[in-house]
Amino acid sequence: MDAYFIASQHKGIAARVVFCFVKFITLDDERFNREIDVQTGYRTKALLCMPIKDASGDVVGVAQVINKQGDQCFSTADEKIFSSYLQFCGIGLRNAQLYEKSQLEVKRNQVLLDLARMIFEEQSTIEHMVFRILTHMQSLIQCQRVQILLVHEASKGSFSRVFDFEANDLSGDDGDARTSPFESRFPINVGITGYVATTGETVNICNAYEDDRFDPSVDEGLNFRHKTILCMAIKNSLSQIIGVIQLINKFDDLTFTKNDENFVEAFAIFCGMGIHNTHMYEKAIIAMAKQSVTLEVLSYHASATIDDAYRLRQLKVPSSAFFKLHDFKFDDLTLDDDHTLKACIRMFLDLDLVERFHIEYEVLCRWLLSVKKNYRNVTYHNWRHAFNVTQMMFAILTSTQWWKIFGEIECLALIIACLCHDLDHRGTNNSFQIKASSPLAQLYSTSTMEHHHFDQCLMIINSPGNQILSNMSSEDYSRVIRVLEDAILSTDLAVYFRKRGAFLNLVEPTIEMSSWQAEEPRSLLRAMSMTVCDLSAITKPWEIEKRVADLVSSEFFEQGDMERQELNITPIDIMNREKEDQLPLMQVGFIDSICIPIYEAFATLSDKLTPLIDGVLENKQHWIEMAQSAKDAYANNNNTSENNNNNKSPCTDHKEDHSENECIRSPQPGSPASNGTTRKLSLEPDCTDSGHHHSIGSQESATNSCNIKEKIVGRLGVDLASSPPYADKPSFLVVGQKGNGWVNGDKVRLIRLSSSDGKTSELLLDEQLQRHPTVDEVDTLLD
């Protein structure tokens with residue numbers, strides 16, 4: 001007896017068994033297909049055919065036995081035995097199918113994992129990426145050709161590049177060495193690929209020539225014929241179509257199945273990620289190359305000229321005593337820029353840094369000039385500030401002998417850090433960069449400006465002709481750079497607050513300086529030294545401290561103005577011009593919270609540094625006195641103004657009795673006063689709205705003169721007695737109010753003066769305001 005398992009034969013008895021679930025055991029049946037016997041030469045006499053079912057009762061195949069031995073017919077007992085046997089066959093076949101599917105899924109998953117690894121590991125070029133995708137796809141979906149077409153960004157219906165891969169591409173001599181695919185070898189079937197590129201729909205064609213979108217001309221003249229096509233869109237993470245993948249002619253004349261579609265769809269997702277990432281990588285490489293060129297150009301222009309370096313080299317460098325570099329009360333006011341540069345050279349020489357690290361003298365001169373050149377002309381954080389910070393570091397290192405603790409390498413790094421710690425400062429702080437979402441804030445999330453200062457420092461140090469560290473060993477160079485970065489970042493007050501607690505815990509009156517030799521304590525001491533030097537103006541004599549404080553507040557106010565105008569936000573009090581009268585009190589708070597703790601700690605570490613804390617406490621007292629004076633003047637002015645408003649009569653009632661009584665009025669449009677280059681409020685008798693302006697009569701001249709003087713001094717403390725053109729005008733008081741104000745959203749620069757007899761009051765404005773403020777605006781502004 002011969003037995004057969006028939007899984008896909010759809011003729012005769014087997015077909016009827018599959019579709020009708022019946023058994024045939026007699027040969028004399030019209031449904032018997034005698035063609036098989038004719039083809040094979042085999043004679044079928046008896047036949048038993050039964051369905052093979054799985055556990056759920058679904059037919060998974062057909063089994064038939066032919067020609068029972070002895071030329072007998074199959075009996076009912078044979079049917080039962082055969083049926084029982086086929087139950088086990090159904091289970092076995094189903095298990096085999098499941099195993100085969102699982103193996104296929106394992107293979108596909110492995111291919112996807114390999115592709116994913118390749119995508120994220122190898123992003124060198126788009127050609128290499130596409131070649132790996134094509135080879136993986138062809139090995140998995142056995143077909144003759146695979147194409148990837150990248151969509152043109154400007155025109156979605158056309159393609160910028162077309163990559164081809166054929167099944168025998170790797171079988172040649174150079175197959176193993178090939179790392180990129182062929183491009184544009186074969187004609188493009190624009191009809192189908194263009195349709196997929198524009199619509200994003202998947203196209204699965206069983207017979208290409210029966211589809212209207214297929215162009216038969218692509219096969220003309222070639223020994224190739226399109227039969228089956230599977231074409232699918234490749235999308236990026238934003239679901240934008242960036243390409244098309246096309247598979248042509250599955251092997252064995254099979255059609256592309258739904259299972260193939262699902263797999264190619266999953267494959268296309270990874271393809272989109274890989275192609276998109278590679279595009280980004282290539283753009284990043286181009287951007288880095290452009291940045292490198294830009295950095296090279298900027299480095300050239302940011303560097304001082306050789307001629308300037310030669311000129312500085314020829315200058316004689318006086319001693320430290322001549323510059324008073326060891327003095328904690330050092331003032332750079334009398335020094336010009338050349339003297340500041342020579343003083344820096346002197347500090348390098350006295351610390352023996354030039355000799356110890358073999359720094360070429362001309363290179364040092366050019367580097368100093370380059371550092372100075374890269375400071376912007378801002379109000380406070382400029383070259384002069386950096387120079388003063390460096391002088392304080394030099395004075396501390398030499399007076400305390402702490403250079404023995406830090407060593408020569410760290411001393412070099414500290415001096416460089418002081419000179420470079422505010423390079424390219426824009427006059428705005430980290431908070432402003434973040435609020436404005438500046439490129440610097442996007443580049444550095446913390447210590448924004450400090451990271452930028454460090455980067456600028458490295459750029460200059462590595463620029464040709466400025467490489468003062470070029471003769472150091474690689475180990476010493478790395479050490480300098482690490483200390484340099486830590487020192488510059490430590491000038492961020494946020495970093496100061498983070499480290500201060502640990503530092504103060506180490507400071508004790510009986511502590512030996514040898515305790516600071518360990519790496520961690522020494523690192524804290526370096527960081528705190530940078531802060532002490534950065535804020536050292538607070539330790540200087542009052543005239544220096546006040547001058548520096550004015551510069552700092554001016555820069556703060558300029559930032560506040562930008563925040564108000566550009567960012568449309570109200571600045572914090574210390575940067576708000578409208579809170580200028582509160583500056584003394586805010587300065588006292590700054591001294592108490594930031595300055596006193598660290599300067600007291602340094603005085604504890606070395607009695608040589610006691611003058612620093614003494615200077616801080618003396619200046620604090622000055623600020624307290626200014627704050628109290630401003631408070632008293634403000635209170636007195638309010639009381640006096642209230643009394644005057646209660647006692648004075650309307651102008652209309654006493655016009656003849658007080659002929660000298662005058663009220664501030666704004667000039668009428670077209671009048672000479674309104675067109676003059678020196679803008680003044682005209683003084684004319686006014687009989688309207690006497691309760692909303694400063695009326696100064698002869699009977700109240702002494703009182704009002706005193707009030708005006710107290711009010712002006714109390715608010716700003718500006719003394720113009722020796723300032724032309726006011727000094728030669730005896731009719732004016734020796735005080736005035738000077739600063740920026742706001743009138744109906746307009747920024748104005750104003751000076752308010754009063755006559756000595758108290759009869760007149762004038763407001764001088766610069767050219768920024770193209771009209772005169774009204775009386776109400778002036779009162780609101782000054783009160």
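Quick reminder: no glycine exception, Cβ is built from N, Cα and C everywhere.
Heads up, TrEMBL stuff is auto-annotated, nobody curated it.
What TrEMBL records for 293-630 is domain 'PDEase'. Summarising the annotation, TrEMBL assigns AMP binding site to HIS381, ASN382, TRP383, ARG384, HIS385, ASP422, ASP534, GLN587. Taken from TrEMBL, the feature active site, proton donor covers HIS381. TrEMBL lists HIS385, HIS421, ASP422, ASP534 with the feature Zn(2+) 1 binding site. The annotation Zn(2+) 2 binding site is assigned in TrEMBL to ASP422. The annotation region 'Disordered' is assigned in TrEMBL to 635-702. If you look up TrEMBL, you'll see 636-647 marked as compositional bias 'Low complexity'. Residues or ranges marked as compositional bias 'Basic and acidic residues' by TrEMBL: 651-663. The feature compositional bias 'Polar residues' is assigned by TrEMBL to 671-680.
For ASN382 (AMP binding site), the same-chain residues that are 6 or more apart in sequence and have a Cβ closer than 8 Å to its Cβ are TYR375, ARG376, ASP422, HIS425. Within its own chain, HIS381 (AMP binding site) has TYR375, ASP422, HIS425, GLY427, GLU555 as residues 6 or more apart in sequence whose C-beta sits under 8 angstroms from its own. Listed in sequence order, the residues of the same chain lying 6 or more apart from ARG384 (AMP binding site) and placing their CB within less than 8 Å of its CB are ASP332, THR340.
For HIS385 (AMP binding site), the same-chain residues that are 6 or more apart in sequence and have a Cβ closer than 8 Å to its Cβ are ASP422.
Distance from the CA of HIS421 (Zn(2+) 1 binding site) to the CA of GLN587 (AMP binding site) is 23 Å.
On the 0 to 100 pLDDT scale, the domain 'PDEase' (293-630) averages 94 in the predicted structure. Maximum C-alpha to C-alpha distance over the listed AMP-binding residues HIS381, ASN382, TRP383, ARG384, HIS385, ASP422, ASP534, GLN587 is 24 Å.
Proximity of TRP383 (AMP binding site) to non-local residues of its own chain (separation of 6 or more, Cβ distance below 8 Å) is seen for ASP337, THR340, VAL371, LYS372, TYR375, given in sequence order. Distance noted between the C-alpha atoms of HIS421 (Zn(2+) 1 binding site) and ASP534 (AMP binding site) is 9 Å.
Between the binding-site residues ASP422, ASP534, the minimum number of other C-beta atoms within 10 Å of a residue's C-beta occurs at ASP534.
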